[in-house]
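Here's what Swiss-Prot has on this protein:
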- Cys381: active site, nucleophile (ACT_SITE)
- His507: active site (ACT_SITE)
- Glu509: active site (ACT_SITE)
- Ser13, Asp148, Ile149, Glu150, Lys188, Thr189, Lys190, Pro191, Thr192, Gln193, Lys224: CTP binding site (BINDING)
- Ser13, Lys188, Thr189, Lys190, Pro191, Thr192, Gln193, Lys224: UTP binding site (BINDING)
- Ser14, Ile15, Gly16, Lys17, Gly18, Ile19, Asp71: ATP binding site (BINDING)
- Asp71, Glu141: Mg(2+) binding site (BINDING)
- Gly354, Leu382, Gly383, Met384, Gln385, Glu405, Arg462: L-glutamine binding site (BINDING)
- 292-534: domain 'Glutamine amidotransferase type-1' (DOMAIN)
- 1-267: region 'Amidoligase domain' (REGION)
Amino acid sequence: MTKFIFVTGGVVSSIGKGIVAASLGRLLKSRGYSVSILKLDPYINIDPGTMSPFQHGEVFVTQDGAETDLDLGHYERFTDTSMSRLNCVTTGSIYQAVINKERRGDYNGGTVQVIPHITNEIKERILRVAKSTNPSVVITEIGGTVGDIESLPFLEAIRQFRKEVGRQHVLYMHVTLVPWIASAGEMKTKPTQHSVKELRSIGIQPDILVCRSDRPLPKGLKQKLSGFCDVPEECVITSQDAKSIYEVPLNLEREGMAEQVLNLLQMEQRQPDLTQWQTLVQRLHTPKHELEIAIVGKYVQLSDAYLSVVEALNHAAISTYGKLRLRWVNSEDLENESAETHLGGVDGVVVPGGFGVRGVDGKIAAIKYARDRQIPFLGLCLGMQCSVIEWARNIGGLTDANSAEFDPHTTNPVINLLPGQQEVVDLGGTMRLGLYPCRVLPDTLAFKLYQEDVIYERHRHRYEFNNAYRDLLLKSGYAISGTSPDGQLVEIVELPKHPFFLACQFHPEFQSRPSSPHPLFKGFIQAAIALSLSTSTTPTPLEVS
């Protein structure tokens with residue numbers, strides 16, 4: 001039978017529950033167990049798809065087209081397992097489902113209440129994940145902090161869950177903060193004690209305490225927490241701050257977390273195989289090259305808005321023994337100041353996705369700078385659209401070229417709405433979302449990187465390359481290297497005579513893994529390293545037959 005682990009958080013938000021859940025998933029998978037990880041988010045939005053990146057960070061898109069919390073990216077990257085729309089549940093989606101059932105008459109005229117109707121729906125969503133892929137373990141992260149009113153229905157549901165599926169099949173893990181108070185010269189356990197007290201008042205006794213701190217917990221302090229929180233000493237786990245999130249699974253393995261989890265759930269103890277992960281961390285700490293990459297975006301004030309892009313760059317850099325430094329560039333700054341001021345000296349430029357006209361001219365200026373200066377360039381989604389506009393304006397002779405998104409009345413809409421999008425009114429869940437095939441054309445940089453005729457990538461967009469301008473741009477030297485299987489949708493463009501200039505309509509960052517960096521990011525980083533090592537101001541272009 002599937003086992004269930006529930007991860008809650010206390011004391012402060014953003015304490016790292018998602019990384020703990022993902023790390024535990026990795027440790028279990030290294031022992032041969034299959035894992036699925038579920039996020040229960042307490043906000044009332046149906047999904048994060050329409051939420052501001054400044055508030056919520058990036059929207060992570062699953063293969064089946066769900067717009068989900070960024071933590072699902074951590075789950076996929078750490079466990080190397082693709083999640084689905086079943087793995088992200090919000091309060092809004094729960095209430096929507098219950099209200100729809102009430103409208104259909106499913107409750108036979110009964111009074112619809114938080115208990116049992118909302119809690120039953122939550123439990124059903126958890127069981128649905130277990131039934132869908134039949135994993136050995138389902139790990140469920142409860143968003144928010146214990147004590148928040150928004151989380152109460154979720155906590156009540158997981159309290160009931162243990163009784164219904166059996167105590168031996170359920171484990172509660174509580175992630176909390178043990179701060180170091182410099183003025184006192186000691187670590188304080190009181191916040192954790194109060195957090196556990198709050199959790200116990202709801203009816204949940206944690207089986208394992210994961211204590212986030214900036215230093216190891218002394219044995220005496222673990223004994224103290226064990227006594228006050230009624231948790232065995234060996235189940236008080238230190239989660240010490242790390243320079244990289246990829247160190248966390250190894251740190252938790254040294255603390256014996258997986259061993260205790262298997263003991264408590266009465267599962268077979270198996271020898272872990274973490275060789276691949278250890279190699280990853282070893283490469284992380286022994287770089288041979290240093291390079292600086294500029295990310296030119298609209299939401300750079302919150303780096304989480306581009307989390308998967310950053311991680312994909314890290315994966316590629318680690319695989320090539322590169323030490324990555326990021327230069328965050330607000331695209332709006334490039335509209336009033338020279339590109340040289342903000343991009344001078346970088347080894348590569350990434351223009352990621354986004355929506356709306358704000359800052360677009362700055363993105364276009366960054367792309368022109370990278371093209372003119374022969375600096376490796378990678379455009380993602382909106383980044384591809386901006387690269388098409390830049391080329392059309394400056395090389396194709398269409399000085400007023402634009403996207404219909406930015407100027408609905410432009411005379412040269414080189415980027416236009418996808419077919420079927422003209423009548424769409426709602427914003428949420430209505431774009432081209434999820435995994436789609438792409439035909440990679442031979443004798444192109446894209447084919448050299450992928451080494452495959454057909455690839456599958458995740459999409460999240462409403463606008464596309466306008467085929468009315470295809471011949472014009474091709475004649476001016478622009479190259480199309482990837483299309484939909486029917487050839488109608490342009491998916492990848494590139495410049496053959498540039499060291500590395502490639503842009504794609506999809507989001508390759510969602511498919512990158514620490515153990516298998518995405519080919520586009522790896523090729524981009526290799527080109528950036530070549531530039532950083534070059535003594536010439538004009539690097540030699542990559543050869544494409």
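Even glycines carry a Cβ here, placed using N, Cα and C.
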Near Ser13 (CTP binding site), how many other Cβ atoms are within 10 Å of its Cβ? 11
Measuring Cα to Cα, how many angstrom lie between Glu509 (active site) and Glu405 (L-glutamine binding site)? 24
Within the chain of Glu405 (L-glutamine binding site), which residues six or more apart in sequence place their C-beta under 8 angstroms from its C-beta? Phe355, Gly356, Val357, Ile415, Leu417, Arg462, Tyr463
What's the CA to CA span in angstrom from Lys188 (CTP binding site) over to the residue listed as 'active site, nucleophile'? 47
From Ser14, Gly18, Lys190, Pro191, Gly383, the binding-site residues whose CA lies within 10 Å of that of Glu141 (Mg(2+) binding site): Gly18
Using Ile15 (ATP binding site) as the reference point, find which of the binding-site residues Thr192, Gly354, Gln385 has the shortest Cα-to-Cα distance to it. Thr192
Indicate the candidate from Ile19, Ile149, Cys381, Leu382, Met384 with the smallest number of other Cβ atoms within 10 Å of its Cβ, considering only these recorded positions. Ile149
Starting from the Cβ of Gly354 (L-glutamine binding site), draw a 10 Å sphere and report how many other Cβ atoms land inside it. 22
Name the residues of the same chain, 6+ apart in sequence, whose Cβ is under 8 Å from the Cβ of Thr189 (UTP binding site)? Val178, Leu221, Lys224, Leu225, Phe228
Enumerate the residues of the same chain, Ser14, Ile15, Gly16, Lys17, Gly18, Ile19, Asp71 excluded, that satisfy the criterion Cβ within 8 A of the mean position of the Cβ atoms of the recorded ATP site; list them in sequence order. Gly9, Val20, Ala21, Glu141, Val175
Within 10 A of the CB of Lys17 (ATP binding site), the number of other CB atoms across every chain shown is 25
